[in-house]
Amino acid sequence: MSRSSRGRKNGFDKVLLDPARAGATGVMRHIIKLKPIRVVYVSCNPATLARDSEALVNAGYEATRLAMLDMFPHTGHLESMVLFVRM
C-alpha cells in the first residue's frame, strides 16, 4: 500500500476484481466495506458475474459500462468486463 493511501479513511478509490469461475462471493463483503468509488469486475462466468453484480448494486453501485472481450479467439469463451460506480 502506498503512503498516500495508507491514511485514507474510506479505503481504496478503485478495485480491479478478476475472480476464478466460482466468482467473488468470499470477498464481496470486504470489497463493499472498502467503499471504493469504482469497481472493475472481469468475469469468465456470466452466472457468477450476475450474482456478484447484485451484491454491488444492493450496496449502492451502478453498472455504468460493459464490454465483452474475446481473449480466446476461435473458442466459445468470452470475458465480460463491467465498471461499477458508487452512487
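Keep in mind that glycine also has a Cβ here, set from the backbone N, Cα and C atoms.
Feature annotations, courtesy of TrEMBL:
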{"type": "BINDING", "residues": "D18", "note": "S-adenosyl-L-methionine binding site"}
{"type": "ACT_SITE", "residues": "C44", "note": "active site, nucleophile"}
{"type": "ACT_SITE", "residues": "C44", "note": "active site"}
Next on the checklist: Please report the distance from the Cα of the residue listed as 'S-adenosyl-L-methionine binding site' to the Cα of the residue listed as 'active site, nucleophile', rounded to the nearest angstrom.
Outcome noted: 9
Item to check | Number of other Cβ atoms within 10 Å of the Cβ of C44 (active site, nucleophile) across all protein chains | outcome: 17
